[in-house]
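*Asks:* I'd like to ask you about the structure that follows.
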Amino acid sequence: MPSFDEVLKEAGEFGRFQKRVFFLLCQTGVTFSFLFASVVFLGQAPGNYWCRIPGAAELSERCGWSLEEEQNFTVLPLRLGNGSSSGECERLDVAWDASVSCASPLARYGNHSTGNLPLAACHDNWVYKQPHSSIVSEYNLVCGNAWMLDLSQAILNLGFLAGAFTLGYAADRYGRILIYLLSCLGVGICGIIVAFAPNFTVFLIFRFLQGVFGKGTWMTCYVIVTEIVGSDQRIVGIVIQIFFTLGIMILPGIAYLVPTWQGIQLAISLPNFLFLLYYWVVPESPRWLLTRKKGEKALKIMHNIAKHNGKYLSPHYSEITISNEEVSNPSFLDLVRTPWMRRNTLILMYAWFTSALIYQGLVMRLGIVGGNLYLDFFISGAVELPAALLILVTIDCIGRRLPFGISNIVAGIACLITAFLPEDIPWLKTTVATLGRLSITMAFEIVYLVNTELYPTTLRNFGVSLCSSLCDLGGIIAPFLLFRLAAIWLELPLIIFSILAVVCGVLVLLLPETKGIPLPETVEDVEQLSSHFAKRGKKRKHRDTNSYI
């Protein structure tokens, strides 16, 4: 019986059928990037707000004040009398009633200057010029509540983490396309509920669930694309990353055109419902079907692929070789039970964690020069495009390991140099820091591909999801690590990033090369691939030693 890769080669490894499925699933990268980075625009700081004095709303209505006039009567005297107070988090500790004069509401306090009047902290009585422009003004995430905005992003990352475990497991057990479609439905529904959440608690609950389902769409679409193409075309997984970057560049345009946060939330969530149409055009992964002892369904899909690619499968392809590995529900123990699987898993988990931590840390630290948030965000996305192009140029020529390792090491060196460059040459400091971000972006994108290629079909979705969960952990830790260490010494985070990146660069060089190698079907295939790579490395080292002697 022919193997799956033999049948795929005859049906077409990257024909018209795979290109169509690939293009359709790539759109998931755009919508996932919307979800990933949306907090930047959903949580914009309100431009002008102040704390309202008790009774000021009724007085303003009785006196016919505009918001500007109310602000002048309440905040301006506070600023003049107490220069340390802006009126945003504090207010005059007074109360206005019907006896207060419209012309001079503070006249009743006689000769007391506003600087001598007591102040009170503001808790829930803020006034915003644009009350529905962001979740900050919608749920009063200002002053003492400002930390809740960070919490909303941490909750999203926790959702990603939960989705990696739960939906990664479900995709290996129940099928790739089923979990993909359910995840798309979940992202859309939760996104709508988030947009109309009556309070911040409901907002957080469904933002968490949106993160769970969002991770399901992203990881599952990536695995589907990788499993339906031949070994020489698996770099299409890198191209999906380009669509993620395109989403980063499109998002500021959406935010610029849509004035409210609810509108932005709906605009980035509703497209997920369109992906439900993929039920009729994207098949289940035939590799997965084979591992679940469903050879007839897999063969039917392969005939369909061949037909769309203008190919014809030989009549003797009546059955495809099915893995002899006993299929069971995947667990973490399956990833560490054998020596090489254990080594690969631990290195990949560290690589995911490091890439996410350094990437998000550098983004938060470097930023983009200029005051236009929309333009700055667009440029920050454009900076990432060369990373994918460099990968596409190098990865098929020299393999995965060297670009993977070198990009981490270069990122580490760039961080170290940036830390010790003087502040009086900002252009050089910014350039080197940008090189570090470009390099870590390359590492971030390569780890997706390598992770997929180093796990057998029976464990691929679960393995990729589990390892990538360390990415979400890194994303949660990054802001705390950055700001706490920067409080000690501004450049200290870069030193930590440098150490983490260089160690990662050395470790990933211990992974086996997967360029041109068929995707492993079983754990035994992974062990053979890794041991063969190790033996080949020892032979090369021995040969080099003899040549030196």
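Heads up, the Cβ atoms here are built off N, Cα and C, so glycines get one too.
Pulled the feature table from TrEMBL, pasting it below:
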- 21-42: transmembrane segment (TRANSMEM)
- 99-516: domain 'Major facilitator superfamily (MFS) profile' (DOMAIN)
- 154-171: transmembrane segment (TRANSMEM)
- 178-198: transmembrane segment (TRANSMEM)
- 204-225: transmembrane segment (TRANSMEM)
- 237-258: transmembrane segment (TRANSMEM)
- 264-282: transmembrane segment (TRANSMEM)
- 347-368: transmembrane segment (TRANSMEM)
- 374-395: transmembrane segment (TRANSMEM)
- 402-421: transmembrane segment (TRANSMEM)
- 427-450: transmembrane segment (TRANSMEM)
- 462-482: transmembrane segment (TRANSMEM)
- 488-511: transmembrane segment (TRANSMEM)
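Map these features onto the structure and tell me what's around them.
*Replies:* Within its own chain, the transmembrane segment (154-171) has Cβ neighbours under 8 Å at 35, 39, 179-180, 183, 204, 207-216, 219-220, 223, 329-330, 461-466, 468-469, 471-473, 475-476, counting only residues six or more beyond its boundaries.
For the transmembrane segment (488-511), same-chain residues at least 6 beyond its ends with a Cβ under 8 Å from one of its own Cβ atoms are 343-344, 347-348, 350-351, 354-355, 357-358, 361-362, 365, 400-402, 404-409, 411-413, 415-416, 418-420, 436, 440, 443, 450, 454, 481-482.
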*Asks:* Would you call the transmembrane segment (427-450) and the transmembrane segment (264-282) in contact, using three or more Cβ pairs under 8 Å, pairs 6 or more apart in sequence?
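*Replies:* They do not touch: fewer than three Cβ pairs between the two stretches lie under 8 Å.
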*Asks:* Under 8 angstroms for C-beta pairs, at least 3 of them, ignoring pairs fewer than 6 apart in sequence. Is the transmembrane segment (264-282) in contact with the transmembrane segment (402-421) by that rule?
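*Replies:* No; fewer than 3 Cβ pairs under 8 Å.
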*Asks:* Suppose I define contact as three or more CB-CB distances under 8 A, residues 6 or more apart in sequence; do the transmembrane segment (462-482) and the transmembrane segment (21-42) meet it?
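*Replies:* Stretch pair does not touch.
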